[in-house]
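**Student:** Below is the structure I would like to discuss, written out as structure tokens.
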Amino acid sequence: MSAKSRTKITMPRKTANWRIRFADQRFWSVRDVLLMVAASFEYGGFRICAVLLPDCLDKYTAFLACYKPGNAGDPPLAFPRPRLYGPQQKGPPLLTGMHTRMIMDTGRHALHPRLKPVMRVITVSRWMLFSTVVLLAVVFAVLYIIHPGRVLLIAAAITLPLMSVLFLVLDRLVMKTVIRRIHSTSTLMLSTQPEAMVMQPTGVSLMQGHIVELRKQDTALDSPPWGLACITTSGQKYLGRKPREVLVYHDAADRESRLALDGGKQIFWGTLTTAEQREQGRRSLNRVLLLVLALLVGIGMLFYVQSDMRMDAVRENLRLAEQSAHWPSVPGVVQSSGVEKRKVSRGRSKVTAYAAEVTYQYTVAGDTYTGSIIRFCYAPTRSLQTAREEAAQYPAGGSVTVAYDPAAPGLGVLQPGYTDACQADAREIRVGGIAMTGMMILVIAIFAAVMWWQNKCYTRTAARLARYGIRF
């Protein structure tokens, strides 16, 4: 481009409602578009202008468009035969060497006012999650300063990276999905005129959201719907069954058939769906539900296997405890006595417990044996004092009476016939099994109810729409 043909771009100014047609024959209705026009910039009867359009990234995309002025003049602009020159397209010689597309950051969020509360909630949630990670790091640092220890360092080395990765993954997920969806919805709401309609939930849900029927307000509820849409929102997850009035934002030329619905208290977004998309989404949802159900059943089966193994061990200890009451006994000598600190499972966490550790020797038929069993089903206690009192009953070097199994003299016990601990363990396992069984029955019942309700709503909606020749 020669120096003489260069012109100064005027400052952006707001214009009236524009309707711009692109090279792929799509129309975009844009309100309050920022327009920059080169003064008297013409080539071969065409006028070239730069049009700034807001996209979903809080920025404006600048296009150099070539058009022929209409008889009515400017503005508004008329596009009898519009052309768009993209990055891979070659324009007239006058455009050679020019950047035909560029991204310009306006420094402002072109967000629809109705979507600003949703964006504020998301922003606050992201900062709260980030603050949680920082606060956790500060807590670990303070605890290490007060009570330095290797265990605390290991816990921090495991917890902090996991929390940081979780924050980054969730933040990336929100940025890529929710925020981008909000901005695309905002662009749609800013660039199209809404139409008043009635939204009727069908009760059918897909992986992408809820299926609803949309009808124009001047039509009856038993008339054919204007369209079937799959919508979702960042707030309420259950839409109910009652129809509600909404403002529908839709661009008929949008290939993705995106929608934005203003329901007064909530903003919904989604797309118009076809019969094939609905069927595919329904199958995907059923597969996911069955996969989750199979996973839960598998976890339940593993719990049952573990419980059965524990119960077998308790039954064996109970049998030995009952038989030990009739075993013969011999004198023995305590070799060592003390208290051992252990980590035991209590629900989902590990707690500190204490157990008396006693080692003794005894002789049967000239053979010397070493034992350490105080009583069968002996369990550690949370009380250090109780464990010390238990160990104090058997001081090192003291004499004890050891009952032994005549069939296996190496199996000895200091307190024979003590069955209370084994019976308590058996009761605990039985209660856990009953609770797990009830939970599994409840989960299966919930899944069955959800699938039954989905199939019922699907059948009812399909039968109603079939009267209008619409395949659901």
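The backbone N, Cα and C atoms fix where each Cβ goes, and this holds for glycine too.
Bear in mind that TrEMBL entries carry predicted annotations, made automatically and left uncurated.
The following feature annotations were taken from TrEMBL:
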TRANSMEM  124-146  transmembrane segment
TRANSMEM  152-170  transmembrane segment
TRANSMEM  288-305  transmembrane segment
DOMAIN    330-418  domain 'DUF3592'
TRANSMEM  434-453  transmembrane segment
**Student:** Determine how many residues of the domain 'DUF3592' (330-418) DSSP places in helix, in strand and in coil.
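**Tutor:** Going through the domain 'DUF3592' (330-418) residue by residue, I get 9 helix, 52 strand, 28 coil.
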**Student:** Against which stretches of its own chain does the transmembrane segment (124-146) lie, if we need a Cβ under 8 Å and a gap of at least six residues from its ends?
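**Tutor:** Sequence-remote neighbours of the transmembrane segment (124-146) are 152-153, 155-156, 159-160, 163-164, 167, 170-171, 174.
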**Student:** Find the average pLDDT over the domain 'DUF3592' (330-418) in the predicted model and report it.
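**Tutor:** A mean pLDDT of 87 is what the model gives the domain 'DUF3592' (330-418).
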